[in-house]
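Colleague: Let me give you the structure first, and then I'll get to my questions.
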Amino acid sequence: MEDAHAKKWEEVVDYFGVDPERGLALEQVKKNQEKYGPNELPAEEGKSLLTLILEQFDDLLVKILLLAAIISLVLALFEEHDDEAEQLTAYVEPFVILLILIANAVVGVWQEKNAESAIEALKEYEPEMGKVIRADKTGIQKIKARDLVPGDIVEISVGDKIPADLRLISILSTTLRIDQSILTGESVSVIKHTDPVPDPRAVNQDKKNMLFSGTNVSAGKARGVVMGTGLNTAIGSIRTQMFETEEMKTPLQQKLDEFGEQLSKVISVICVAVWAINIGHFNDPAHGGSWIKGAIYYFKIAVALAVAAIPEGLPAVITTCLALGTRRMAKKNAIVRSLPSVETLGCTSVICSDKTGTLTTNQMSVSRMFVFKDIPDDAAPELYQFELTGSTYEPIGETFMQGQKINAADYDAVKEITTICMMCNDSAIDFNEYKQAFEKVGEATETALIVLGEKLNPYNLSKAGKDRRSAALVVREDMDTRWKKEFTLEFSRDRKSMSSYCVPLKAGLLSNGPKMFVKGAPEGVLDRCTHVRVGTKKVPMTPAIMDKILEVTRAYGTGRDTLRCLALATIDDPMDPKDMDIIDSTKFVKYEQNCTFVGVVGMLDPPRKEVLDAIERCRAAGIRVIVITGDNKATAEAICRRIGVFGEDENTEGMAYTGREFDDLSVEGQRDAVARSRLFARVEPFHKSKIVEYLQGMGEISAMTGDGVNDAPALKKAEIGIAMGSGTAVAKSAAEMVLADDNFSTIVAAVEEGRAIYNNMKQFIRYLISSNIGEVVSIFLTAALGLPEALIPVQLLWVNLVTDGLPATALGFNPPDLDIMNKPPRRADEGLITGWLFFRYMAIGTYVGAATVGAAAHWFMMSPTGPGLNFYQLSHHLQCTPENEYFEGIDCEIFSDPHPMTMALSVLVTIEMLNAINSLSENQSLLVMPPWSNIWLISAICLSMTLHFVILYVEILSTVFQICPLTLTEWIVVLKISFPVLLLDEVLKFVARKYTDEFSFIK
């Protein structure tokens, strides 16, 4: 049934053909069960483990590595080996590659399994049982909630979880209050009624006659007819939205995917080229004159080239850097659930923030109040107007009047204000030892009045020597010695007030007999006020006094303050309780007559004190903050002015919309509104998702905050979903990040950390890529020039994973730039490598490759311990035979000597260490940013060199890597060949500082 909230309950009951007193007949129940299905959310069909594992290998770089491993394994199995050491070496390469791929897959599967929990977490809001009236049995019967069908008559009472979406048909108590915060984000429980809500487009917050599945009954008892079950409930539609939301890759993941595609194409071309260049050498004597053996030999070189070109250490280094970033964020109260989102934070351009609890404390607090000072006969009434500080439930704050700090106990009317706040109240504050914070017990507005009374402390009670909890309750405990509450007349919609009947326990200024203390909406209470309290006197109410009260109350409720106002009053001579019918709430208004007005208090959910600075930092960082709230527009605008989202006198036209106003716009109008607006008020969950969609369409990277079940679809859809630590399990499961302290300024700190991490990641990604270019150039040169192998695959794997991996990880500890939050966010499509940088790394890579090959050639041609070959002999080494006159007097076994390979590997490792020092800064000279500015990098370089010495000088390892120890003379040659890379990069950095080229190569 559409728009049940807009129809009379009798129409709804008729639609289902149900008698509200007897319920559905069994035939109707069966028919509806067949038609609508069970009242439960379908279980999530997760991907099988095999599917998840296979998905991890659906990546070009991974496929190339896998192919390289398989080919290496096949060659190792079928090739003849001279000795056991050579055979072991042949198997090391495929084994290590497979180990890397398996580790990568395990991490990926674990992350995906975690992400699937969001939809399952919704199940916790499904109630297990429901109380139903059905024609087959008399009275109320308890059944499983899953067996409820549309048309069932359900009874609910305090403490129950609503078992399905219901249309109220009768309220069986004075009032019915529902806590629907998980669904609508409202911070206070909502009073429900049975009257139609004539607006067919009403948002869930305004459907006061509807009860939603999964929400809780705070007070009262009622009956309703089931309107929706399973997926046809409000919570079911949220499940559908979450199910339909596709996971998006982060900007970095997209960049790396594109980089992988480009790299795979380049690798394919180079591998084919190397193989093709050497077709003429397939028949060389070294291959036994066999064309097939020669083809396989050069095929192995092509495989080695593929291994050299892929930065195998990159996934591990990125994961390590992100994991370290999450640890730093956790110290700032930002708990990251999804590793890739750490980097995404760095390019966040829009933060869509919930108001309640994120920008504000979600702890109602009285900030202003007034009482009468004097009412002269011939002049306007005079007021005492008080301002109070403190924005939490801890009763610490000061009282000011006209900017001057005062002692509230000096004013007689304050004693009466405090008495009404304390006695006409069913709530309290409690100290949570675990959180070391004060919390409300009961209603937020009533708790604010309790805190006000404790702050005012009108009898100057001493708090000395008391702990935090005891000091916060001194006024409450003192009040209990002065007054005894006999009964309460609960709040009702018709009179918009509540009252308590109290008797004095000891004599005092106010306690000269029983009194009724009244609080409620100003217009409702003032209509029943005949007098006004001025100090300790009672003055008759006049139209002028009434106008003054309404004028100041309106000022409190509008403009910058937009406070929620309550009028406080007393009845000095109440009716005898024997004459009151305290069961029938329709008569309460008769008992609350002849009131004496005492004062008005104005309260709000106050902004967090650190938010103003955080918003300013966002503005400096080029990040737009959009406030999205279920609260009304006026209140939201007032808070936005206080925290700096809007200026004090800024016109908000075109920059603030309600959900209804947004819906009324055309698609183009909605897009423009999202592009400009800074506030969306009175919105529903689907509005949040729609706003995220528009932002994504504009190329913005959005962070979305939320805490309720209703926020989960938008949290899942946004690039960064941010849940509150105090939020629901569903919101936390759907989010990438959880704020332990629910604080907006924590988001800004996390964005700063994200930017720093991205900058460092750029440095080590570029470092690793330039290293791989050097390795590719090295293999290409040896193959193209016909030189002996300078590096073999197992050595390349060692360099890529261990020797390069450690300094690359250490580059993640580079200190952040001081002006990191004074720059606009980077574009999501910004390239990892610009054209100029590509040229730089090609220049460095070419030097690395040439130096590596040169080191091996140096040993063959110029070393005192080498054979002293000429270039022709070196480049035609495969033609070496005892009969060949060009190789007369040369032992052909010399080409298998481990020395030249050791020289090449040592030069490669040393150059990479110097290259890591170059990567401390993209453009800054080492004279400005010396190596010791990152002590972790120095440690990593020392460790890498130590590991290199280990494989050189530990015999079993040197056998595996086919290398040997070097002499001091040979090490001096290694350093001479390696050192110029520092000078080369310094020259390139100097050119970059003078003439920067911004066009992007990898987009």
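Each Cβ is built from the backbone N, Cα and C atoms, and glycine gets one as well.
Okay, these came from Swiss-Prot:
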type	residues	note
ACT_SITE	Asp354	active site, 4-aspartylphosphate intermediate
BINDING	Lys519	ATP binding site
TOPO_DOM	1-59	topological domain 'Cytoplasmic'
TOPO_DOM	79-89	topological domain 'Extracellular'
TOPO_DOM	111-262	topological domain 'Cytoplasmic'
TOPO_DOM	283-300	topological domain 'Extracellular'
TOPO_DOM	319-775	topological domain 'Cytoplasmic'
TOPO_DOM	800-840	topological domain 'Extracellular'
TOPO_DOM	864-898	topological domain 'Cytoplasmic'
TOPO_DOM	918-934	topological domain 'Extracellular'
TOPO_DOM	955-1003	topological domain 'Cytoplasmic'
TRANSMEM	60-78	transmembrane segment
TRANSMEM	90-110	transmembrane segment
TRANSMEM	263-282	transmembrane segment
TRANSMEM	301-318	transmembrane segment
TRANSMEM	776-799	transmembrane segment
TRANSMEM	841-863	transmembrane segment
TRANSMEM	899-917	transmembrane segment
TRANSMEM	935-954	transmembrane segment
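Help me picture where these features are in the structure shown.
Modeller: Asp354 (active site, 4-aspartylphosphate intermediate): 27 other CB atoms within 10 A of its CB, across all protein chains.
Around the Cβ of Lys519 (ATP binding site), a 10 Å sphere holds 24 further Cβ atoms from the protein chains shown.
The topological domain 'Extracellular' (79-89) scores a mean pLDDT of 64 in the predicted structure.
Beyond the ends of the topological domain 'Extracellular' (800-840), by six or more residues, the same chain brings 96, 100, 251, 254-255, 259, 307-308, 310-313, 316-317, 320-321, 324-325, 346-349, 617, 620-623, 699, 701, 751-752, 755-772, 775, 909, 912-913, 916, 919-922, 933-934, 936-937, 939-941, 943-944, 947-948, 985, 988, 992, 996-1003 to within a C-beta distance below 8 angstroms of the stretch.
Counting residue by residue with DSSP, the topological domain 'Extracellular' (918-934) contains 4 helix, 0 strand, 13 coil.
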Colleague: Hey, which bits of the same chain come close to the topological domain 'Extracellular' (918-934), Cβ under 8 Å, at least six residues off its ends?
Modeller: 762-764, 766-767, 810-811, 813-815, 837, 844, 981-982, 985-986, 989-990, 992-993, 996
Colleague: What does the DSSP secondary structure composition of the topological domain 'Cytoplasmic' (864-898) look like, as residue counts for helix, strand and coil?
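Modeller: Looking at the topological domain 'Cytoplasmic' (864-898) with DSSP, the answer is 17 helix, 0 strand, 18 coil.
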Colleague: Go through the chain and flag residues at least 6 beyond the ends of the transmembrane segment (776-799) whose CB is under 8 A from any CB in it; none is fine as an answer.
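Modeller: Same-chain contacts beyond the flanks: 72, 89, 92-93, 96-97, 270, 273-274, 277-278, 281, 298, 301, 303-305, 307-309, 312, 845-846, 848-850, 852-853, 855-857, 860, 874-878, 895, 900-901, 904-905, 908-909, 912, 951, 960-963.
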Colleague: Let's see if you can do this one: DSSP helix, strand and coil counts over the topological domain 'Cytoplasmic' (955-1003), in that order.
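Modeller: Within the topological domain 'Cytoplasmic' (955-1003) the tally stands at 32 helix, 1 strand, 16 coil.
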Colleague: Counting by DSSP secondary structure, give me helix, strand and coil numbers for the topological domain 'Extracellular' (800-840).
Modeller: 20 helix, 1 strand, 20 coil
Colleague: Measure from the CA atom of Asp354 (active site, 4-aspartylphosphate intermediate) to the CA atom of Lys519 (ATP binding site) and give the result in Å, rounded to a whole number.
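Modeller: Cα-Cα distance, Lys519 (ATP binding site) to Asp354 (active site, 4-aspartylphosphate intermediate): 30 Å.
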